[in-house]
Amino acid sequence: MSRRAKKDDFLRHYTVSDPRTHPKGYTEYKVTAQFISKKDPEDIKEVVVWKRYSDFRKLHGDLAYTHRNLFRRLEEFPAFPRAQVFGRFEASVIEERRKGAEDLLRFTVPIPALNNSPQLKEFFRGGEVTRPSEVSRDLQILPPPLIPTPPSDEARLLQPLPAERRGQEELEVPVDPLPSSPAQEALDLLFCCDSTEEASSSPARGPLSEAELALFDPYSKEESTGPSPTHTSELAAMEVQSKRLDQEPWEPGGREEEEAEDGDPAPAYLGQATELITQALRNEKAGAYAAALQGYQEGVHILLQGVSGDPSPTRREGVKKKAAEYLKRAETLHAHLP
């Protein structure tokens, strides 16, 4: 089963409720994630964790970074309440933070790159995957209360000495159990992000997935079936191609098709993007990966802004394909950055 199919298995619903004061003095909130099967609406899985304001603020920063790299302009990323020292225990502030956290989680629902991100899965780490019906059943079937009975004389003789009892208590100090493997697997099934992607990148700066790149390149699935060239040969090919971008149109049909369609020269945004991307290719070849990454991002940003107003349908298609190629190239640079 493909990753795309896995992502579409569940409908998601998030709630943030029941604020309470932790014994250490800060406020924490109950976060409930419900995963409703599309095949069987009665099949509902639930994950509950307790989080504080700083946890939500970190998640907000991580997801905002990912959202910016998606170049989505149709929706505005939700703001989050600012940190404050005074008044943070007031009911109005607690409610504002609760609602801000809930809005953040619900914003991720229609965006696969966010709701299946490693950052969101890490946020729910430690929560046990349960079914609401099982929880209610467990609450109804409670064991009978334990009634203490006075120990018999025989039991009193078998009791350990105080020193032995102290030693036994020291050995029986409870420790927090490590997350079990089945629990980890259950969480992984709900958040279908690639584990190798998590290991190769930091949680806050994960690379974009193939599904996200497909937003810009409708032919990405067809092209991905062939063997990929080596890093060196691909760089050389892209550099030669970029040198011709200001001379040839960014469309499959060539210059004759462009001139026959509208008779106008290539728009200015293509020249600006060409200059940035050409320099980015040179920086990458020289090993200046940070500068190259910035150049790719700025170049792709100009392309996607300009293509929305481009009157040529064929050129728009070509620009989207080029933007996807250079965006994918930018993502490979994450492996070289410290």
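Backbone N, Cα and C define each Cβ position, glycine as well.
Annotation comment: Swiss-Prot describes 1-131 as domain 'PX', evidence class sequence analysis. Marked as region 'Disordered' by Swiss-Prot: 134-155, 240-270. The compositional bias 'Pro residues' annotation in Swiss-Prot covers 142-151. The phosphoserine annotation in Swiss-Prot covers S202, S228, and the record cites similarity to another entry as its basis. Annotated domain 'MIT' per Swiss-Prot: 266-338, in sequence order.
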Per-state residue totals over the domain 'PX' (1-131) - DSSP helix, strand, coil: 49 helix, 34 strand, 48 coil
DSSP-derived helix, strand and coil totals, residue by residue, for the domain 'MIT' (266-338): 60 helix, 0 strand, 13 coil
Per-region confidence, the domain 'PX' (1-131) (mean pLDDT, whole number): 86
